[in-house]
Amino acid sequence: MKLYTKPGACSLADHIVLRWSCLPFELTVVDAATMKSPDYLRLNPAGAVPLLVVDQWALTQNAAILNYIADTAPLTGLGGDGTARSRAEINRWIAFVNADLHPTFKPLFGSTAYLQEDALIQRSHEDARTKLRTLYTRVDAHLQGRNWLAGDTHTGADAYLFVTLRWAHKAGVDLSGLSALDAFFQRMLADADVQAALQAEGLN
């Protein structure tokens, strides 16, 4: 099993979960140029991460990879407690991060550079930060009295949320007063496997 990851990208979530799973895997850290190379594009025509290769099978998309890892390591609790409700809760939060939080960062990652006017670009950045504050406030409310997003142990949803929180801190998103969210972030930072994943990707 080989995971292709780009430092600090959303693929960090899959990297963390692979370490939580204790499954044997090989890590390949790639850059933007590598992701556009013919060899990489044969595996993932989107030219993006994450990419998980198992034997001759290439799997993309965070939600798919996180669920695959959970199913491949069923005794870890990464897929919940075995009930349909537990798994649905995990996937509800993976979907929230993937469909609501993650895309809201796009202006902050340069998607509005085409506007070519500093004032308009800045406005798009501020709008993104405002929307992200609203979304993270919802997560903070859910985390009150909880350690993890879904159930009694960490899952792929938590790893994915953590990755976006790293982005939020770097992008200047206002997270002040969101105490449960901050406690979650510190809990993740203290995790030995999270630290190992960050170190392996050259992150601090």
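The backbone N, Cα and C atoms fix where each Cβ goes, and this holds for glycine too.
Sequence-distant contacts of HIS102 (glutathione binding site), defined by Cβ-Cβ distance under 8 angstroms and a gap of at least six in the same chain, are CYS10, TYR160, THR164. The DSSP secondary structure for HIS102 (glutathione binding site) is helix. Annotation comment: Swiss-Prot describes CYS10, VAL49, GLN61, ASN62, HIS102 as glutathione binding site, evidence class similarity to another entry.
Under the heading domain 'GST N-terminal', Swiss-Prot lists 1-77. Secondary structure by DSSP for the domain 'GST N-terminal' (1-77): 35 helix, 16 strand, 26 coil.
Counting residues per DSSP class in helix, strand and coil order gives 90 helix, 0 strand, 32 coil for the domain 'GST C-terminal' (83-204). Marked as domain 'GST C-terminal' by Swiss-Prot: 83-204.
Every protein chain shown contributes to the tally, and the Cβ of VAL49 (glutathione binding site) ends up with 26 other Cβ atoms within 10 Å. Ranking the binding-site residues GLN61, ASN62 by the number of CB atoms within 10 A of their own CB puts ASN62 at the top.
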